[in-house]
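A short worksheet on the structure shown next.
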Amino acid sequence: MREILKNVRRLVVKIGSSSLTHPETGKINLAAMERFVRECADLKNAGFEVIIVSSGAIAAGMGRLALPEKPKNLPEKQACAAVGQGVLMHLYEKFFSEYQVIAAQVLLTGEDLAVRKRFLNAKHTFSALLNYGVVPVVNENDTVAVEEIRFGDNDTLSARVAVLVEADLLVLLSDIDGLYTADPRKNSNARFLPEVLEINEEIEQLAGGSGTAVGTGGMETKIEAAKIAVNAGIPMVIARADYGNLRRILRGEEVGTFFYPKKKKQWKKQWLLSGARVQGSIIVDLGAEEALCSGGKSLLPSGVLGVEGEFPTGAIVAVKNLKGRVIAKGLTNYAAQDILKIKGLHSWEIADVLGHKDYDEIIHRDNLVLVD
């Protein structure tokens, strides 16, 4: 199955803080960073399109500010990120320039990928950068993006970027070889998993909190990234950030843990799964669940039991079954308050209740994507 990696031309590579810093001091490891840039530059010069999602801004800020340990409160973390992002980007520009490659800084927040208009604008910007032959270096805008600092969002950010740029592959480089049955640093009996066919409950349970002193993410966020990528039809590999591993992965060698992709979805449905901000939920009955999941139908008011939250027309909503499990996401044709009035009714009754009928469906099937 790894044979598909030989056809990759556009890849997103996320490198973690632990792979760019000295473990003793938390400061930037210049030799490690130079080796990483050299391999990416070599891939670029060989005809690959490379997008980097780089952690390390907070760690770089710690070094510049001479802090002995990672700050614990949010304002100090954001201050470190503000100082460190400039340091980090200066180093990327310096190292890439040695190989005649231009690097560009791209700072994103969750909002940039959650709002469709901003998502499209970011998509066009990346397209222009790649057409210019530039290597985009992406980071969460740590200074303002509270969620990233709290939850280690660069793993899932990289998956969202992979969806955004329609990448052929996502690679997460870390200080660990891939996914194990237990943390190999704590359990000598841990067994390495070279491939994951499906991200089921068992796989999710294997992901423990293994963040490092300078990083914010662990295996749990990497599994979340894998869900986003494979559901969008993008294969993903978790591997150790050793020099040469990217080349080996692209040759189809068994490096790291390979996550098998699912069938590629239309870009709108990829956005709904990966970046769109959910504003509320619609609860459906068994008949509607079957119609959506097995019949590929639109969601009609007759199958709706209720709503959660308040949301306007055109909002992104989750569709939940009777057990509370999210089975789909979609763009709603009606606001929450109107859905409450027409739930359980036939489509021809909508106008009688609301005084107008803009659509027969609550969510049209073209604007709905199933959550696997």
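For all residues, glycine too, the Cβ spot is worked out from N, Cα and C.
The model shown is predicted, which means the values in this text are computed figures rather than measured ones.
Feature annotations, courtesy of Swiss-Prot:
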BINDING   K14, S174, D175, T216, G217, G218, M219, E220, T221, K222  ATP binding site
BINDING   S55, D142, N154  substrate binding site
DOMAIN    279-357  domain 'PUA'
Least buried by Cβ count (within 10 Å) of the binding-site residues S55, N154, T221: T221
Cβ atoms near M219 (ATP binding site) (within 10 Å, other residues, all chains): 22
Secondary structure tally of the domain 'PUA' (279-357) (DSSP, helix then strand then coil): 26 helix, 22 strand, 31 coil
Conformational class of K14 (ATP binding site) under the three-state DSSP mapping: strand
Stretch-averaged pLDDT - the domain 'PUA' (279-357): 93
Neighbour count (Cβ, 10 Å) for D175 (ATP binding site): 16
